[in-house]
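Enquirer: Could you have a look at this structure, given as structure tokens, before my questions?
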Amino acid sequence: MQISRGITAHKPPLFLLITGAITAVAIVIPLTYLVIRTAGVGGEELADLLLRPRTVTVLINSAGMAAGVTLFSALIAIPLAFLTVRTDLPWRRFWLIVTTLPLAVPSYVGSFALIAAFGPRGSLLQLLLEPLGVQELPSIYGWFGTILAITLFTYPYILLSVRAGLHGIDPAMEEAARSLGYSKRATFFRVLLPQLRPSIVAGSLLVALYALRDFGTPSLMRFDAFTRVIFLQYRSSFNRNLAAALALVLVVLVLGILWLENKARSRARYYSRRASRRASQVKLGYWKLPALLFCTAITLIGLVLPVGVALFWLIRGLTVGGGDAVNLAQDMVQPALNSIWASGLAAIAATICALPVAILAVRFPSRITAIIERCSYIGFGLPGIVVALSLVFLGANYLPWIYQTVPILVFAYLVLFLPQSVGTVRSSLLQVNPQLEESAQVLGRTPWQTLREITLPLVRPGILSGSMLVFLTAIKELPATLLLAPIGFSTLATKIWTATENVAFSDAAAAALTMLLVSFGTTLFMLSQEQ
Amino acid sequence: MEQEQVILRIDGITKQFHQTPKPAVANVSFSLLQGDLLGLLGPSGCGKTTLLRLIAGFERPQSGRIEIAGKTVAGGHWIPPEQRSVGMVFQDYALFPHLTVAENIGFGLRYSKKCSDRVDKLTELVGLAGLEKRYPHELSGGQQQRVALARALAPEPALILLDEPLSNLDVQVRLRLREELREILKATGISGVFVTHDQEEALAIADQVAVMRQGKIEQLGSPEDVYTHPQTRFVAEFVTRANFLPAKRIGQLWETEIGCFKVKKESADKEVGDLMIREEDLILQRADNAPVIIHTRRFLGREYRYCLQTSSGKRLHARTSAEIVLPVGTRVELAVAEQAIRFFPHKDISDNLVMNSCG
């Protein structure tokens, strides 16, 4: 942080300021338009829209679902964190990785797997039970399926946070409690757990945030959360104002959680201290078996099930369904190419836009550059469906020539994923000593030459991993693709979604497997970046 | 000397960690009298902290016995840390970040009825009155140290253990807290063991000093005794920080390159060895044709510390009162009060070579 103060006295070069400002303005457009449009509805109608029973039900659904997901995630994640960090659980390193990996499963792929395995009709389980006369299973749709799916694929947020918290606790704390007369058990409840509270809260808020923003699971599980209702409202095109109003309510909800998260994080800073020694391990003894069963069960449904179910339907589609491999491959090629094309463009766009923003924020801190940087982070508070909806309105009303084209899809990705790109470029810039740039300028280079010859080569690894991250995240994106892609432009994500909605599991299988491969790759890539 | 009661007895304690070939604590025995303060002094890695953790019950010894207040707590009968009636002050203080100052101090008093009285009293004792509602991160290092001390003292333990209690503080705070620490402990009458690598600190606070090296106690005694009569060369180097001059026996005298000296106690069978001369025992006298020359001079406030160079190139250090000022480059003759000289055998071969070259 200290090194960033090097050249505060200088004014930022004009070309950086202009490109940064353009980016910031562009990023603000969707949210601004949404606000303007909702404001244009008129106070009375707006109040009517927001207070009708339907809206209240959706609010209760979303909030209740997010609360349930958070609770169950915590119940899974906290024991897992203890088992993998503080005990003599056998194969600890293995469990450490496999219990984190469900994070990589996109929620709609996970939902596809659950529906294709346990859905009422035509699912794997129903097919197995059919000889016994079972024609229909109890429904997985609704509250149960939604909470189950989102919990299974988001609990790692709490797991990672609690794990980091556990590593940060000085073992001397526990020893101090012991020397003050507390038994091991009392020490756990009076000292360890209270100190983990900030980590638990931070992780839980991330999970709640994810649950509220998620579109794939509620839509596939037919659960009336905000995201699904906004989508249905948009599609029925009966009352688009209602969709806009609902989207704004969702944004407010998400921003509230983000605010809480920010508060929790700044409070957690007082708690965190580097631990100098490793804490002693808890001997599990007879608890080893239940602990292993618990880890196995979570891994089976969170990780083995999605992969296994996708494989099952792929093979079944090839054998029973009468489809052949060549047909299937041809079916897959176009969506895969579309995915790569759109995501690749998004990665390039995000990197180009992130550079000036990050350089301004790190090297030329001032009020203007701070505003530019904050604007670039707006996408973090916007659910994909909201950005998509706003751009649909904007495109349909004012920019028909760009509506439902690849550029507007890429722009949606840019708004959504620019924060990631700015974040990585920013942190690699912070590691470059500004005195290197100053010496280049003293040696006669202009700011532009300095950027090209000194700064860019030094932050290249950060830029590359940032654009890689955007590429891989954009491939997984569903709602924006669904709403904004040109007609007939199908991607892996939309293919999985459409096929699952139509209970055509075999059609979704190959795309789901490809998606899982990409996702696991992303996660392992990110984990390797952290080390 | 009202009652000579042993509060802590260590009997042949050995602790060996898996990863290291040598034991961290090797067959250590000593006992501590009620009300006394023992300083465990040694360089890092000498086993002093391990010994402290063995007493606290955070490590289990391979062999030996530990007795606290007449009760065996390790060796034959294991008593976990929470039942040992031992207070501990940790190097990083280990204050609970989620509790206030008062809650931290009262943490060990949960079964006590007069909890708040006791907390008030201790807050007063360590000079933190008025800060009860603060959280640890709102305190300075010195204040955190006081909270840690009060927290350890609150349950009135039989013994208090302090792990490098002052090492994380600024010099100014350290010197002040050093005095206060001893006063507070003496005021409560609780016996204590503290670990330090700072010889000045050990000598200033402790009633007894144990100098440790490679898991063993090299010398145990009063600070004066350890300082003036180091029993081994290691203690002389680490605690006394003295000069060592190669010497050769000539009849009753020992000859060195700065002159011949008589030594009171010595190992009679040795022909060569080193003489230990403390820095403050060297007396400098201007002499124009003397072999020793003043190389540098540093003013330390109350005294001067001179670095002297002999004709063979060996450097010696001397401290004199600030009244005697000799400029750099002055040739001086050295004298020493005879009872201040002690003899030690050579450390290793390289010293022999130096001596031979000195002639």
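A Cβ is built for glycine as well, from the same backbone N, Cα and C atoms used for every other residue.
These came from TrEMBL, pasted as-is:
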type	residues	note
DOMAIN	A:59-259	domain 'ABC transmembrane type-1'
DOMAIN	A:336-526	domain 'ABC transmembrane type-1'
TRANSMEM	A:12-36	transmembrane segment
TRANSMEM	A:56-82	transmembrane segment
TRANSMEM	A:94-120	transmembrane segment
TRANSMEM	A:140-166	transmembrane segment
TRANSMEM	A:187-212	transmembrane segment
TRANSMEM	A:242-260	transmembrane segment
TRANSMEM	A:291-315	transmembrane segment
TRANSMEM	A:340-362	transmembrane segment
TRANSMEM	A:374-395	transmembrane segment
TRANSMEM	A:401-418	transmembrane segment
TRANSMEM	A:509-527	transmembrane segment
Enquirer: Does the transmembrane segment (A:401-418) come close to the transmembrane segment (A:340-362), meaning at least 3 CB pairs under 8 Å for residues 6 or more apart?
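Expert: Answer yes: the transmembrane segment (A:340-362) meets the transmembrane segment (A:401-418) with 3 or more Cβ pairs below 8 Å.
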Enquirer: Are the transmembrane segment (A:291-315) and the transmembrane segment (A:94-120) close enough that 3 or more Cβ pairs fall under 8 Å, when only pairs 6 or more apart in sequence count?
Expert: yes
Enquirer: Please indicate, using numbers and ranges, the residues of the same chain that are 6 or more beyond the transmembrane segment (A:401-418) and have a C-beta under 8 Å from a C-beta there.
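Expert: Residues packing against the transmembrane segment (A:401-418) from afar: 23, 26-27, 30, 341-343, 345-346, 349-350, 353-354, 357, 376-379, 382, 384, 387-388, 391-392, 395, 470, 473-474, 477, 480-481, 484-487, 489.
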Enquirer: Are the transmembrane segment (A:291-315) and the transmembrane segment (A:56-82) close enough to be called in contact, which here means at least 3 C-beta pairs under 8 A that are separated by 6 or more residues?
Expert: yes
Enquirer: Which of A:56-82, A:187-212, A:242-260, A:374-395 shares the most C-beta pairs under 8 angstroms with the transmembrane segment (A:12-36)?
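Expert: The stretch with the most contacts is A:374-395.
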